[in-house]
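A.B. asks: Below are the structure tokens for one structure; questions will follow.
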Amino acid sequence: MIRYLTSGESHGPSLVAIVEGVPAGLALHPDDLNIHLQRRQQGYGRGNRMKIESDKAEILSGVRFGYTIGSPISFAIKNKDWANWTNKMNQFENPSEPVATIDIPRPGHADFSGRIKYGFNDIRPVIERSSARETAARVGACSISRKFLHDLGIEIGSYVSAIGQAFETEPNHHAVKILEKGAETLMHEADESPVRMLNKDLEKQAMELIDTAKKAGDTLGGIVEVFVTGLPIGLGSYVQYDRRLGADLGAAILSIQAVKGFEIGHAFKNAVSFGSEVHDEFYLDKNGNPQRKTNRAGGLEGGMTNGETLHLRVAMKPIATLMSPLSSFDFKTMSPAASHIERSDTCAVPACGVIAESVIAPVLANAILEKFGGDTINETKLRLDNYTQKGK
């Protein structure tokens, strides 16, 4: 089973991750992580922090001569901005100059609950770990599982279907057509857009909305469509609640900072439709093989993959740090106050797509390993190939 831990503060020296359970023999290079770290930093509406950092993973263990060796893989990503925060974020030495505490929580952030939960007299420690900067370490860690899946012929991609009121009003047939070539083809086309949209008119609207929000000191959220192609039938299980693949995918997606909603396929539209309008009918092709007319279920039925493209929809709320602050209060004086302002993005929905692609990779890799096993990637691949050949 693949599992990972991340460590590090937003303005500390480094972000660190340890990934355990990766089969031996997987070809792995730092660029397999760095390409997605760079993608995470892109997107119209990002803040000044992304102009400072150029995230690159330094792999420290678990790889020899370019191949995984079955032991835990560790890596570090240096925070360049640490040089500007050594006084405020020093691990051991008392600050050389007084450091002001942060006492006013931001509505919508972890500030309020985190300060009370951990008994801090300063919100700064909460901000440092709850920050979405942590997702750089997660994208790096999950990129290893992503490479494992890629080498098994399984591809992950995404695009943005909504930013604020700039949203798709009908199914994107262009996306469906691209997916015939694999989810990574979709990913590359989306990456050509500053907001990772496939519709140029919508892209223009979204960028104008981001400009408007930035001028107003406001923020924007949106919706990301995530797809996975090449999955075999039968990953997950209906036998027990905790083996249903959709539950694990939901947990991974909802662990992303600012993500508040998740659906598989057209779940919410399906919920208000007749069953005859929802379920994906079968037909037999000219070779007598069963096919589907539609994919409204999003590639999952009964907690298992059904051979269709996996389709997840991810709802990201607007970022909680507003340059035109909302109403709050001061913990020290217990009097009304404008909420704290922290350097932030106006819109991070494009980055959310990259993060969502990443966090589902270990879930899918573990589903593969649960079904097919293998201490080496060659063992896993052989068993997967035998299984898929039998299904043809």
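Backbone N, Cα and C define each Cβ position, glycine as well.
Here's the feature list from Swiss-Prot:
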- Arg40, Arg46: NADP(+) binding site (BINDING)
- Arg129, Ser130, Ser131, Gln257, Ala258, Gly302, Lys317, Pro318, Ile319, Ala320, Thr321, Arg343: FMN binding site (BINDING)
A.B. asks: Could you state the whole-number distance in Å separating the C-alpha atoms of Lys317 (FMN binding site) and Arg46 (NADP(+) binding site)?
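C.D. replies: Spelling it out, the Cα of Lys317 (FMN binding site) and the Cα of Arg46 (NADP(+) binding site) are 15 Å apart.
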A.B. asks: Does Arg40 (NADP(+) binding site) have same-chain partners at least 6 apart in sequence with Cβ under 8 Å from its own Cβ, and which are they?
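C.D. replies: Within the chain, Arg40 (NADP(+) binding site) has Cβ neighbours under 8 Å at Asp55, Thr135, Ala136, Val139, Ala351, Val354, Ile355.
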A.B. asks: On a count of neighbouring CB atoms within 10 A, which of the binding-site residues Ala258, Ile319 is highest?
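C.D. replies: When each Cβ's neighbours within 10 Å are tallied, Ile319 leads.
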A.B. asks: Counting Cβ neighbours within 10 Å across all chains shown, tell me which of the binding-site residues Ser131, Thr321 comes out on top.
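C.D. replies: Most Cβ neighbours within 10 Å: Thr321.
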A.B. asks: Give me the Cα-Cα distance between Arg46 (NADP(+) binding site) and Ala258 (FMN binding site), rounded to a whole Å.
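C.D. replies: Cα-Cα distance, Arg46 (NADP(+) binding site) to Ala258 (FMN binding site): 15 Å.
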